[in-house]
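In what follows, a structure is listed as structure tokens, so that the remarks can point back to it.
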Protein chains: 2
Amino acid sequence: MSTEVNPIMNNLIEKMDIRLTYQRKIILNTLIENVGKHLSANEIYTLIKDKENIIGMATIYRTIDMLLKKGVVIKHDFGDSAAKYEIEIENTRNHHHLICKKCGKVIEASGLIKDDFYERLLEEKGFQCTDYKLKIFGYCDKCRVSAKAN
Amino acid sequence: MSTEVNPIMNNLIEKMDIRLTYQRKIILNTLIENVGKHLSANEIYTLIKDKENIIGMATIYRTIDMLLKKGVVIKHDFGDSAAKYEIEIENTRNHHHLICKKCGKVIEASGLIKDDFYERLLEEKGFQCTDYKLKIFGYCDKCRVSAKAN
DNA sequence: TTATGTGCAAAATGTTTGCTCCCCA
DNA sequence: TGGGGAGCAAACATTTTGCACATAA
């Protein structure tokens, strides 16, 4: 049942030190069940509604906002209007995204950034990096053959 | 005067093969005068209005859309609601952005990606990269001292 | 001349906010 | 039981669209 407090969630909640409401449990569970996926606020809303639980859209935005500030959720902006959210457990962190300009598919990748880049940023720019996002645009395997930007 | 067709613009227009209207000239000129800056549609609108030329917001969006498809303009999504646009002359291409989570400042950087990454993507993933964006979040020099994510 | 571009206003979309009532701690 | 949280609807901001008119080629 969707409000069961599993170990992963327990862990998160402890870390965050927040008031645990029915709605937050459902939202967290939905995000956990979809680790690695990129969900829009509306997709989260629909997933929850499909389990016969209805919660307000505003609650979703407010909860996600809080989760973002707690660093539990990551926000993505791919080209398509609505922002996408993804829970960050262990190291879904700092992965990269290959975005196909033809079919829109998003593929994961990693290890493309120079290893010393945290240090270099701090030394050269005085910038303390906490997090980064690398989005790579181009054509996926399937689309490559027929592809030509319009 | 803002609709003068300078060499840079001439070059762009030839490349694009489009119908050259008064509005497109102004928009292109505004973008050229602001190379390296990140302008929202509304900022472009205001800049043009300030020169005593009024053109429709819809025209700005439609023109930018076209310029995006022609590869003349880049679109950025930093955290703040409105998308930002920037003309791409020579190599404003593939630079990186350091985004301060405290004051919102955007600093440019480059050279943080492994040199062979185009080749690796193609070999390992069958993905043909045409373009990429690296956004790095953290704290700038000034904000670093007092910074602590809230 | 005529296909294409423009302006305007209206609509669509995504997100935020005010306020009242509710419920976790 | 008190203060933070939820729901609802309205507000907001940004972007898109339909249609009549204007204009570059």
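Glycine is treated like the rest: Cβ placed from N, Cα and C.
TrEMBL: automatically predicted annotations, no manual curation.
The Zn(2+) binding site annotation in TrEMBL covers A:Cys100, A:Cys103, A:Cys140, A:Cys143. Reduced to three states, the DSSP call for A:Cys143 (Zn(2+) binding site) is helix. A:Cys143 (Zn(2+) binding site) counts 17 other C-beta atoms within 10 Å of its own C-beta, drawing on all protein chains shown.
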* binding-site residues near chain B, Cβ-Cβ under 8 Å, from A:Cys103, A:Cys140, A:Cys143 -> A:Cys140
* What number of additional C-beta atoms lies within 10 angstroms of the C-beta atom of A:Cys100 (Zn(2+) binding site)? -> 21
* To do: Please name the residue among the binding-site residues A:Cys103, A:Cys140 whose C-beta has the most neighbouring C-beta atoms within 10 angstroms.
  => A:Cys140
